[in-house]
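Per Swiss-Prot, the features are:
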BINDING   Ala32, Gly33, His34, Asp52, Phe79, Asp106, Gln113  S-adenosyl-L-methionine binding site
Amino acid sequence: MFQHITVLLEEAVDGLAIKPGGIYVDCTLGGAGHSERIVSQLSGGGRLIAFDQDDAALDNARVRLAPYMDRVTLVKSNFRYLEEMLLTCDVPTVDGVPQVDGILFDLGVSSPQLDEAERGFSYNHDAPLDMRMDQGGALTAYDIVNSWEEREISRILHVYGEEKFARSIARKIVQARENAPIETTGELAELVKTGIPAAARRTGGHPAKRSFQALRIAVNDELGAEEDALEEAVKCIRPGGRISVITFHSLEDRICKQLFASYVEKCTCPPDFPKCVCGGTGKLRLVNRKPIVPTEQELEVNPRSRSAKLRVAEKL
């Protein structure tokens, strides 16, 4: 069963300013919570197009969204191919570019992927090292820890995991694999612990948290996919349409913040103006200058939402 608590549900969907007859895209279907809220507000010619790489998520959506399937299109794809896939979904185009009214991203791994041991995402379960969101993908966490050079392992732990003990952990990994391959998440989690000083292991949550995050990002090229997809989202949103983006760690948020800023910096209109009138060439308006974060009530229900941030931008 695909059990998942949707993060910032109302805030992210309300940020899209849904029009009943509009065309909306959920780039990260997951448990279908955001999709259900979007599609329940559509009528007439309104449509929802939802992307996911995970067959379990798509199967779950067919059940959860069954009452609305006459206006839902499910697409198995990485969202980095947003423009290409929308062209296959019979949406209006302008100069060959598909145009929709709203696009939502809920980045990060869904709870079922974290909780199902066999997916190999979690340091809390002993399972084969995998971490692929798309089970058809070629690269796995096993490949990285058992075949990449020490300096490359250290680099991804430092850059993607912001792990201060990246060099020490990478050294422990390489030393261990000289004796036998590192095959499970449990083995890897124990190795990571040995690369972190005892004093540092007492604070900041599970000592393997940052390393597992780094490997997951590397396996799925998450940051590259995010950047590609946001660029395409800006192209595919029609004027007045909005992009809602939920991020879960500083690297994701930085990419979103900087990309949005690159499209608004040339516009000098006040933030409450509905459209650009200054003659600048900005393409976006920030709907919220500062990111929206979960309420205390949401945190009580879903502690995993603590690091979530929502940014919303509107096409000018």
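Heads up, the Cβ atoms here are built off N, Cα and C, so glycines get one too.
For Phe79 (S-adenosyl-L-methionine binding site), the same-chain residues lying six or more positions away in sequence with a CB closer than 8 A to its CB are Cys27, Thr28, Phe51, Phe105, Ala225, Ala229. According to DSSP, Ala32 (S-adenosyl-L-methionine binding site) sits in a coil region rather than a helix or strand. In the three-state DSSP reading, Phe79 (S-adenosyl-L-methionine binding site) counts as helix. Among the listed binding-site residues, namely Gly33, Asp106, the Cβ with the most fellow Cβ atoms inside 10 Å is that of Asp106. Of all Cβ atoms in the protein chains displayed, 26 besides its own lie within 10 Å of the Cβ of Asp52 (S-adenosyl-L-methionine binding site).
In the structure as shown, the Cβ atom of His34 (S-adenosyl-L-methionine binding site) sits within 10 Å of 28 other Cβ atoms.
The Cβ neighbour count for Ala32 (S-adenosyl-L-methionine binding site), using a 10 Å radius and every protein chain shown, is 26.
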